[in-house]
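Features reported for this protein in Swiss-Prot:
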BINDING   HIS43, TYR76, TYR179, LEU200  substrate binding site
ACT_SITE  ASP48  active site, nucleophile
Amino acid sequence: MSRPRRRGRDINGVLLLDKSQGMSSNDALQKVKRIYNANRAGHTGALDPLATGMLPICLGEATKFSQYLLDSDKRYRVIARLGQRTDTSDADGQIVEERPVTFSAEQLAAALDTFRGDIEQIPSMYSALKYQGKKLYEYARQGIEVPREARPITVYELLFIRHEGNELELEIHCSKGTYIRTIIDDLGEKLGCGAHVIYLRRLAVSKYPVERMVTLEHLRELVEQAEQQDIPAAELLDPLLMPMDSPASDYPVVNLPLTSSVYFKNGNPVRTSGAPLEGLVRVTEGENGKFIGMGEIDDEGRVAPRRLVVEYPA
């Protein structure tokens, strides 16, 4: 007879983890899941092991809405090593080419300007995008290069921070799907010297407050503190979570009266006043505005359910 599967807590929310360098995003996710004893967990856009910074971890029902964070913009601080190109476009790869750094300040400014605004980017072979059902980095590790189509991205802001010796520091505010490693590699080619990432930190995701980020070390300290005080760790850990609907905070809210929300939660589209004419909406119910799921305005102007919160018994 197989063992019954161990079930974690029904804890719902988003932890803004400050990921440390050298750890994979999945390792970070599993550690947070264990600390919170959560029944489900997922992250919203991986960070390379070399990178640090904001990694939103969705727990419980929040995992249903993590996809909306994947569509959000992000901000990074990056330091590039000029004069060296690597196979992965970062310091974890092998140096494949070395060239002298000879560009002028004017040439640097002109090159940076070509990366601002709406541009197209060919993803790195060392990415998790798939080709014929297989991740690109799996091909790359076998020495195989496959065709990749250029994808549209937007660089809302590209700030020059400093250029000292063979180091170049930038801050980049960009749209979903932007590979900072690829920007640095492409920039190095424009400058004629090659470049790769030696430091990368994700400063922000969507509108999440930076001051709410916490490290794994801090979470462990809270668990120890709870043990010393003889209280459940959840009393110290759970207040760190952002609301479960925070991944969808950019979408308008439609509040349903309780008489309508019961139909919505049973999978039926409902009519209500004050709804937008089209698009996705966050749906709440009652006077307290309890979040019950995501809806979409259908062709008849009704709010149709798309993703619903499952209410577990206490």
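Note that the numbers count up from 1, one per residue, in the order the chain is shown.
Cβ atoms are placed via backbone N, Cα and C, with glycine included.
Swiss-Prot feature annotations superimposed on the structure.
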residue: HIS43; record: substrate binding site; DSSP (3 states): strand
residue: ASP48; record: active site, nucleophile; DSSP (3 states): coil
residue: TYR76; record: substrate binding site; DSSP (3 states): strand
residue: TYR179; record: substrate binding site; DSSP (3 states): coil
residue: LEU200; record: substrate binding site; DSSP (3 states): strand
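Every protein chain considered, the tally of other Cβ atoms within 10 Å of the Cβ of HIS43 (substrate binding site) stands at 21. Geometry remark: TYR76 (substrate binding site) versus the residue listed as 'active site, nucleophile', CA distance 13 Å. Between the C-alpha atoms of LEU200 (substrate binding site) and ASP48 (active site, nucleophile), the distance comes to 9 Å. Largest Cα-Cα distance over the residues recorded as binding substrate, namely HIS43, TYR76, TYR179, LEU200, equals 18 Å. Non-local neighbourhood of ASP48 (active site, nucleophile): ASP90, ASP92, ARG181, LEU200, each in the same chain, at least six residues away, with C-beta under 8 Å from its C-beta.
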